[in-house]
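Here is what Swiss-Prot says about this protein:
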type	residues	note
SIGNAL	1-25	signal peptide
DISULFID	Cys46-Cys51	disulfide bond
ACT_SITE	His63	active site
DISULFID	Cys78-Cys120	disulfide bond
ACT_SITE	Glu113	active site
ACT_SITE	His117	active site
CARBOHYD	Asn144	N-linked glycosylation site
DISULFID	Cys183-Cys213	disulfide bond
DISULFID	Cys194-Cys205	disulfide bond
Amino acid sequence: MRLIAALLSVLLIASTAQSTVTIYESSKPGDFDFYLFVQQWIYSYCDSQTCIQNKEREAFTIHGLWPENSDGSYPSFCSGPSFNVNAIQDLEDQLNFDWPSLTGPNTDFWTHEFSKHGTCSITGPITDIHDYFATGIKLYTEFNITAALESENIYPSDSNTYKPVDITNAITTHFGGKPGIQCSSGQLSTVAVCIDKNSLSIMDCPDLQGWSCSGSVKFPSTA
């Protein structure tokens, strides 16, 4: 009986763990459904992290351009070229401002993002390392989240709170595609727009695992 109970306990733990684990998928480059173009609000991020002070400002910055599947799985660390900073030398000044690491060297962050996500993105209009980062910059210019929110009177504030549905609707109205949003400690922290992998145009995001906010949230103006 003691052995049976132990086995049942192990099975229960395994079953519970399996039900909460995010699906990860290793695959070949280009084998995914769409991109998530992810931007993070600096002050929300730096509220829970020790950020480099001169990088803090009132802005969204690029977190990444991530291949994604409709079922919540995603490819990562695909075979392909290794990150080489020389390939993006002409983009560095803009990347330093638009796609910075807030906690460490920018090149370390770019290496991680390309190794994990960029290697799987080499498909269609994105053919190499330079294309990957240039596309991120282009999308950042095109999808100005702060402007979208301000067009619906949603401004950074340490006192005001906003309904997540109003944030989502503001972005949808401005750009024509339903986004995903994430919150941390009651603050808007991350916004993702979904991008067609062939045309690089915005599309409605499907229901994304882990992308939701509840209650009223802040859009902080300080960390």
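Indices start at 1 and increase along the chain as displayed.
Heads up, the Cβ atoms here are built off N, Cα and C, so glycines get one too.
Looking at His63, His117, the active-site residues in this record, the fewest other C-beta atoms within 10 angstroms of the C-beta turn up around His63. His63 (active site) and Cys194 (disulfide bond) are 14 Å apart (CA-CA, integer value). When secondary structure is read from DSSP and collapsed to three states, Cys120 (disulfide bond) falls in the helix class. Spatially, by CA atoms, the active-site residues His63, Glu113, His117 include one closest to Cys213 (disulfide bond), and that is His63. The Cβ of Cys213 (disulfide bond) has 22 neighbouring Cβ atoms from other residues within 10 Å, across all protein chains displayed. Taking Cα separation as the measure, the residue listed as 'N-linked glycosylation site' is nearest to His63 of the active-site residues His63, Glu113, His117.
According to DSSP, His63 (active site) is assigned to a strand segment.
Here His117 (active site) is positioned 8 angstrom away from Cys78 (disulfide bond), judged by their C-alpha atoms. According to DSSP, Cys46 (disulfide bond) is assigned to a helical segment.
Cβ neighbours within 10 Å of Cys183 (disulfide bond), excluding its own Cβ and spanning all shown chains: 21. Nearest neighbour of Cys46 (disulfide bond) by Cα distance, taken over the active-site residues His63, Glu113, His117: His63. Between the alpha carbons (Cα) of His63 (active site) and Glu113 (active site) lies a span of roughly 8 Å.
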